[in-house]
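**Q** The annotation disulfide bond is assigned in Swiss-Prot to C47-C89, C128-C172. Under the heading domain 'Ig-like C2-type 1', Swiss-Prot lists 24-105. Summarising the annotation, Swiss-Prot assigns domain 'Ig-like C2-type 2' to 107-189. Residues or ranges marked as N-linked glycosylation site by Swiss-Prot: N187. Annotation comment: Swiss-Prot describes 1-20 as signal peptide, evidence class sequence analysis. Sequence annotations record features per position, and here Swiss-Prot assigns site 'Important for receptor turnover' to D222. Under the heading topological domain 'Extracellular', Swiss-Prot lists 21-206. Per Swiss-Prot, the feature topological domain 'Cytoplasmic' maps to 230-254; the stated evidence is sequence analysis. The transmembrane segment annotation in Swiss-Prot covers 207-229.
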Amino acid sequence: MWQLLLPTALLLLVSAGMRAEDLPKAVVFLEPQWYRVLEKDSVTLKCQGAYSPEDNSTRWFHNESLISSQTSSYFIAAARVNNSGEYRCQTSLSTLSDPVQLEVHIGWLLLQAPRWVFKEEESIHLRCHSWKNTLLHKVTYLQNGKGRKYFHQNSDFYIPKATLKDSGSYFCRGLIGSKNVSSETVNITITQDLAVSSISSFFPPGYQVSFCLVMVLLFAVDTGLYFSVKKSVPSSTRDWEDHKFKWSKDPQDK
């Protein structure tokens, strides 16, 4: 870890008695948010991290090789396939960031999303991106080979709340001029909440309904017993008081 620190930061750490493990980790952001892009697209990678007053430089790594750029933003004006790979950054008062993957593809269309794994009820944002933003019309988003959404003019496709049924293979197609073009297929996975999943796996579908009915029945019986006991309590109390009164009138107590 020490060899990854900038020289000035290393001196500051030694003088302050700090350890490299005490430093926060830098974070890399993509702008725009898509990590899959087409050739000729512009991409900006931004590094978020702490800087010392003496050193505001940033170190960038592409596939573990140091990049000459030392600014907080690394700009790729026209992406090429060899720009694909892992990017990391580090500032003078931060440790090396986790890697961010960039994929540069060749083709007319590319289906884009911030990621491909979502939780139930999360929103999904899909974009049918054309090479050099060429005009695209009559766009269809397809799931498992079936049309899911159609737009006369190219538009992004939103799924407000994902369900398990939204899992599957997706691609988009449309017209560039009179040319029919399609994107590659990608897989989207919707994961289930662990608590719901554990209940569903414990009780097979046919037994889940029976389980609910049993729970309702037990609740009804329990409620009936509660009111029955509550109703009998005053009567028992009166009997006890009558018994106590008769006992106090015993001739031996006079």
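Glycine too: its Cβ is placed from the backbone N, Cα and C atoms.
Describe the structural context of each listed feature in the structure shown, including burial, neighbouring residues and relevant distances.
**A** Sequence-distant neighbours of C89 (disulfide bond) (same chain, six or more apart, CB under 8 Å from its CB) are A26, V28, L45, C47, G49, T58, R59, W60, F61, Y74, L96, S97, listed in sequence order.
Listed in sequence order, L109, L110, L111, Q112, L136, V139, Y141, N154, D156, F157, C172, G174, S183 are the same-chain residues at least 6 apart in sequence whose CB falls under 8 Å from the CB of C128 (disulfide bond).
Predicted-model confidence for the domain 'Ig-like C2-type 2' (107-189) is 98, expressed as mean pLDDT.
Cβ neighbour count for N187 (N-linked glycosylation site): 10 (other Cβ atoms within 10 Å of its Cβ, all protein chains included). For the recorded site, N187 (N-linked glycosylation site), the DSSP three-state label reads strand.
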**Q** Taking the disulfide-bonded residues one at a time (C47, C172), which has its Cβ surrounded by the most other Cβ atoms within 10 Å?
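**A** Most Cβ neighbours within 10 Å: C172.
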**Q** Going by DSSP assignments with H, G and I as helix and E and B as strand, what are the residue counts for the domain 'Ig-like C2-type 1' (24-105)?
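**A** Per DSSP, the residues of the domain 'Ig-like C2-type 1' (24-105) fall into 3 helix, 43 strand, 36 coil.
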